[in-house]
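Marked as signal peptide by TrEMBL: B:1-23. Taken from TrEMBL, the feature domain 'Cytochrome c' applies to B:18-101, B:111-198. Annotation comment: TrEMBL describes B:32, B:35, B:36, B:78 as heme c 1 binding site. As annotated by TrEMBL, heme c 2 binding site applies to B:132, B:135, B:136, B:175.
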């Protein structure tokens, strides 16, 4: 990946983070009523995202939110509201959330640590590990660990991939340019575009399986 | 209706509706269809099994025999019916019933169907009601251990959704958490909408 495009991508990432952060309220001074509202909302998220936030494989895959980076999570909720990330169900869910509720949900979800959902095929875990750690220089695929961290826990606007649902990651990487970064406004999703274009379906499957078992 | 008269009623209806028993239906299958109706399309309080997901049927048979599904009618009818069912028989019956083409019950209130569809597809985020489509699929067809809902009967769907709110079958995650948030009107609308969904093929 070229340095200039990386820098540009990170600049837009920074912008998006600032944007998300403006409405943040301190979770500590929440009133009791707000606390109850928070718990109710959290339970609501878990009806779809797994009762411990571990994710759930329904007709569509629902991603793991447990242990997710708060900044990434807030960015995605903003993207659903703007519809730069297309998902009708999550647009509805995200629409009514106040900025302080979003911040409080993100802080709560970050602290959950259930076991991974599991169930991914195990036949190409070694290939997944190699690509994750070293990339595929010949096909212009960077090492994922360079950004997502050697343990795949992510940082700030870069998401945690460890323990993510296999079927969700396959779908995300396969459909990236059709589901993210829609509309004219450029956002953090641009960083992943070249990578997703250069991966084959078999490589995507190997990567998704590898990260799905990381704790 | 007390237990005995309702059992009698089922017996009589099954007898009248069944006609001459289909020759290819084995005795094991007839043990189930005398309650679940001919071609397992559902009868009285016993739901349709035709076209239901194989894995879901197997899971339910296990949850009856382990007494995890403790709804009143499950206790009365399905606990005894699964008490001596071998794993192989449960496996074979599930495969058999899941492959039968399902016929929709069409017995909900047509005027509520549009409202039911909106909840099914979109949920109601403000009151924390989940969209059903994410798990049960765009045509309510289900997948793996998640049941097909389209064309099940209105009274059955309504009863199931109500009974989760009353605390029955608490092991059926995530449905107790989801159904417990539905109002009586929302349950009416959902059960109505779903009762009208039919399928041209089993996919």
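Glycine too: its Cβ is placed from the backbone N, Cα and C atoms.
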**Study point:** Among the heme c 2-binding set B:132, B:135, B:136, B:175, as the record gives it, the longest Cα-Cα distance in Å
**Key:** 11
Review point. Which residue counts does DSSP yield for the domain 'Cytochrome c' (B:18-101) in the helix, strand and coil classes, in that order?
Key: 49 helix, 2 strand, 33 coil
Point to revise | binding-site residues in contact range of chain A, given that the Cβ distance is under 8 Å, out of B:32, B:135, B:136 | key: B:135, B:136
Review point. In the same chain, outside B:32, B:35, B:36, B:78, whose C-beta lies within 8 angstroms of the Cβ mean position for the heme c 1 site?
Key: B:31, B:33, B:34, B:46, B:49, B:77, B:81
Point to revise | Neighbourhood of residue B:132 (heme c 2 binding site) by C-beta distance under 8 A, where only residues 6 or more apart in the same chain count | key: B:119, B:120, B:121, B:123, B:140, B:149, B:190
Check your understanding: How long is the line from the C-alpha of residue B:32 (heme c 1 binding site) to the C-alpha of residue B:136 (heme c 2 binding site), rounded to the nearest angstrom?
Key -> 25
Check your understanding: Quick one: Cα separation, residue B:78 (heme c 1 binding site) versus residue B:135 (heme c 2 binding site), in Å?
Key -> 26
**Study point:** DSSP-derived class (H/G/I helix, E/B strand, else coil) of residue B:132 (heme c 2 binding site)
**Key:** coil
Practice item. Using DSSP, break the domain 'Cytochrome c' (B:111-198) down into helix, strand and coil residues and give each count. Key: 48 helix, 4 strand, 36 coil
Practice item. Pop the Cα-Cα gap between residue B:35 (heme c 1 binding site) and residue B:136 (heme c 2 binding site) into the table, whole Å please. Key: 26
Check your understanding: Expressed to the nearest Å, what is the distance separating residue B:175 (heme c 2 binding site) and residue B:35 (heme c 1 binding site) at their Cα atoms?
Key -> 25
